Each structure stands twice: as structure tokens, then as C-alpha cells.
Amino acid sequence: MAASEARADCSEAALAEALADVPELARLLEIDPYLKPFAQDFQRRYKRFNETLNNIGENEGGIDKFSRGYESFGVHRCADGGLYCKEWAPGAEGVFLTGDFNDWNPFSYPYKKLDYGKWELYIPPKRNKSLLVPHGSKLKVVIRSKSGEILYRISPWAKYVTREGDNVNYDWIHWDPEHPYKFKHSKPKKPRGLRIYESHVGISSYEGKIASYKHFTCNVLPRIKDLGYNCIQMMAIMEHAYYASFGYQITSFFAASSRYGTPEELKELVDTAHSMGITVLLDVVHSHASKNSEDGLNMFDGTDSCYFHSGPRGNHDLWDSRLFAYSSWEVLRFLLSNIRWWVEEYGFDGFRFDGVTSMLYHHHGMGQGFSGDYHEYFGLQVDEDALIYLMLANHLIHTLYPDSITVAEDVSGMPALCSPISQGGVGFDYRLAMAIPDKWIQLLKEFKDEDWNMGNIVYTLTNRRYLEKCIAYAESHDQALVGDKTLAFWLMDAEMYTNMSVLTPFTPVIDRGIQLHKMIRLITHALGGEGYLNFMGNEFGHPEWLDFPRKGNNESYHYARRQFHLTDDDLLRYKFLNNFDRDMNKLEERCGWLSAPQAHVSEKHEANKIIAFERAGLLFIFNFHPSKSYTDYRVGTTLPGKFKIVLDTDAAEYGGHQRLDHNTDFFSEDFKHNERPYSLLVSKVFKI
């Protein structure tokens, strides 16, 4: 037998074995035959996932029980009034509990050492049955390291931490209220088309201060509901010592940030959102952790490992943070329990996983261009420990909470990230379409209007993997941060300070900016994915950038706020953009284009700067030409019959010039055009 024939037989045998091991791998390879050479990679991943799941079943009684670590780890009041405490500190020589309750005697309550680096402590109840550790009192875990050093630590399972006055470090506060918040409303049904309002509680007020959960509940949720969003993505909820980290340097994973209020007030926020029919996602950060040791996970047991890889592998050089050891049994318990906690305790409906690209690869995406060559997604550069954790997390979420939603922030474009685990995929529901905002910023920064390439715009908006759903967005919090500009600022810049009054005539810059702002958002919404995301305030062209208080800006809150009141002022043009965003969302709610099959683009005319496409029974027509309008412009369609205008960026209520008569009926003819069986003449297609 020739060598090439032997290799072919071996390859066929390996493929057959992979198809036998992964239940629905055949479906994945049918969807994308170019993945066939990597069938063994999917087989190995799936087998490792199954082995881990089976090990959890054999040793822990199943993932349901395994993911309830928060019920035993940390500090808990027992039914008899005593206290049960448990920690995992494999590098410790001794573990103790101290706090207000024992006048901070560091060694009076030692933990008992168990197997596998676990420690436990039971403190009997007081004779008078009063609370041993009252609600609101301070606690610390005391660690005696192998070198004999005495370390004061916050439990990794702490449910509430806060910083008093000018203190640098956070304090662990025992949270055990007599009357915990009771949820009043059922969760909304899983939306067919996801319209996400990306939110940050702290910046949600126009005042120069940190806003509260109460403020967001009373003042921002009604705005979100009115705008037609059916989902909010809550950023910076998991406790983070450094406010300017935007919530991405987590110090206490089970604690809701105290800078906005209490855990009960966050529960009220989620419950109120549910009463409005709004789904609530948590921005979960399991890709890395803060390097803080006094009030974080780092060096918890006196070693540089514990929850993290030891040595260089445990550090993220770009983010200056620690990296989890995802293959560790107790790290898996910690992270999976953390997922479960936010659903069970606070009622969250799913998660947006931050930093997935960093998790998936040993190079963390640093210095990588990701050309789309499939070899970039397989092989030794993939961190399969992290990938298996993500599969387990998705399995947990979708098994226990079938209506929950998971979204991956991945810039690499890894195949099958949003395919079912049964196909060998990672199991996410959606991925963020991160190339889209980059494309809009590139066009506004580098090209004149007349040089915009219609084909390239369409390609960017439609370039997504078949049957792997995407969340499209024109801009998110990333574009709003200092050092970049929002779309509104790229379009209108300094004139936003002087020419946004309706009492002044349109300047060319403001006119162009307002019209393009609407068109960019609509075409992204309708063509770019199966979900849509907007960062709070950007819907109305929020002026200025976002910058948190820090030394470099003299600790100023001036740019760490959202000026929603600008849309309430009838004398300002911000209301036009706000109105358009609302009606765009409400039209999607009526017609459901996000849950419809991908659009058919019938025209992307470079000279005319026209893009036309159909989706969900709607015909979308965009004229991006800076100077040309058209009369009796023919557009192809699959639909026979009468057409009416249902959304017009040129309408007066959206700051347009009201050049179209909305009472006009348009009729398609049995006349083929642009490979569509019917066509119609649109009386006027105006320039931007």
C-alpha cells in the first residue's frame, strides 16, 4: 500500500472514530465541511468534557451538587444558631476565623484540616441563642503560611465587602439580613430577538458621583423599557476594588459591588426589570482576577498558586492580573458555583462572558491577527483546560436553566464556539460581532463619505458563521472610553457643544452626523446579526467620552456619568436620535428580523452608494451617497403586492427633512431585478 493511501485510510478511520464519539459531530461537519481535518480536535475536547463531567458525577454526586459550593464554603449560620465555616487553602499551615465577634483574636477559632487542602470550622451557638456573628459585623480569615507568615484574608466566598472612608482595602462584612429581599415577579420568557442595553449602574446618573442600584431601578429602567430594549447587560457588578477598571479586575467574585448599594437593592433592580419584561444578563469575568491579595483572591493561602497557575503562566502581562488554573478541581467548583450563585441568589437570566479570547489560547490573543485560517483555532496554542471549563459552564447553565442566555466576547472567531456541545462546540448562544464597530470607526476615521465601499460594509455585517448567532453592535462601552470616540463624536465632534439646539439652523456637520448616526445603527441592527447591543447613552449620541475618576484626571467624575436629561430637553436635537432608536427597536419587536433568517442583499451599488436587502418581510433601502438623491429607483424584491413606509430616517420626528410622503403606496411588479422575481420603483431615495 502506498504511503498516501495509508494516510488516507488512517484519516478516514480517525474521522469515523470521532463521529462515533461525538453524538452530533456529523451535523457540524455538514454545516462546515472545512472542519473535517480537525474532527479529532473536536473528539478530544468532547471526550475531555465528558470525562470531567463523569468525574464530577462519581466524586461529587453530579454537577448540580458540585455547583452549590457557596452553600458550604465561606461562613454560614446553622439552624441551631452556630456557625459553619469552610475554606480551600492547600498551601496553608493553619487557618483561623477572626472578627468583631471575638475582638479580633487571630487564633481563638482554628479550622480543622481536611483532605485535599480543605479546612472547616464549627462554632457552637451561644447559650442565650443570640447570633454568634451578627449581620453587618466584620470578619477575616487568618492564614498561617508555610513560611510562618500570618496573613489576614477575605474569604473567596464572601457575599458582601465594602470600603469605609479613605481605607485602601475592602472589609469583609457578614451579610445575613433578618429580612432578605423576596422576589415578587416571575422571569420573562427568553426573547426571540435579543435587544441588549449595555449598562453600568455607577455612571447612570448625570451627577458627578457614583449612582446607586436604587437610582438605576427608579430612573434608568423605565427609560430602557420605553426605548424598546428587552434585555440589559449589567457591567461591573462583581466586586472590584478599582472603580476605573470598569469592573474587569474582580476582587470578590460572590459579592455584588457595594459602591452602588446593598445586595438586597440589586435584587430589587433585577426583580423590577423582570416585572417590565426585561431579561437581565451579568457581565461575568472568569478570564482573570485582580492581583490584589489583601482584599482579592491572589496569594489567598500564602502561595502564588491556589486558584491560579503558579509562575509566568499564572500572570496576564497585558492586564496585570492573575489567570485561573481551570484544570484544578476546586477552581472548577469555585467558578461553576459562582455562575450558579448569580442565578440563584440574584435572579440573573444569563451571562456575557468577558475575555473569552484570552481564555481560549495560551497566547491570550496578544499579538495575534486571526486571519481566519482554521489552523489558528486548533493545536497546542489552544488552552483546552479553559475551553473545557467553558463547555462545563454552558452545560450547567443550559441544563439547569434552559431559558438562560450565554454570550461570548471573542475576537478570534473560533469555529463552533456557539455550536451545541453535542456537536463538539463550546455551547454559547451568541458571540459578539466585534468586527462591526471596528469597521464603522475605520470608515469614519480613514475614508471620505464618497469613498465608502458598499460591498465591504455588507461583507462585514454579514460575515458570520452559519447557525452561530451573533450580537451586532455599532459601538459598545469600548468605543466610549477615553482614548477613543463614540460614533456621534466621530461624526460631529466639537459641534456637539454648539450646534445641537433646534433654535439654530442645521450645519452640514450636524445634519450629516445625525442622519448617518441613524443609518449606521439601523443597518447594523437589521443586517448584522441575530441580536443587537447598544451601550447606555449612545442611542442618543451622548456627548463626550467615558473616563472614570483616576489620578490622571484628578479623580474627576465629570466624564463618568450619563446625561440622560439631554433627551428630555425639547430644544436639543438629542431627542431625535433617542426617538429613532426607540422606534427602530419597536419595529423589530413587531416584525422580528433578529429571529428571522439572515437577510438577502439584492443590491450593493458602489457608484450609487445604495444598499438594499430583505429580511422578515421588510425591504430595507439605504442611500449612503453624500450628494446624490434618486427618483424612481428600482429595487428588487421577492414579495408581490403593496408596500408602505414603516420607518424613515428622514422623518421630522427623527431630525430628518421630511422629504417622503408616508401616505404613498408602492406596488411591486412582475419584473425581475437584481435576481429577485419582483421589483418596485421607489419614488425618491434621498442622500444622507
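Cβ from N, Cα, C; glycine included.
Feature annotations, reproduced from TrEMBL:
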ACT_SITE  ASP354  active site, nucleophile
ACT_SITE  GLU409  active site, proton donor
DOMAIN    200-565  domain 'Glycosyl hydrolase family 13 catalytic'
If you draw a 10 Å sphere around the Cβ of the residue listed as 'active site, proton donor', how many other Cβ atoms fall inside it, taking every protein chain shown into account?
20
Average pLDDT across the domain 'Glycosyl hydrolase family 13 catalytic' (200-565)?
96
ASP354 (active site, nucleophile) to the residue listed as 'active site, proton donor' - Cα separation in whole Å:
5
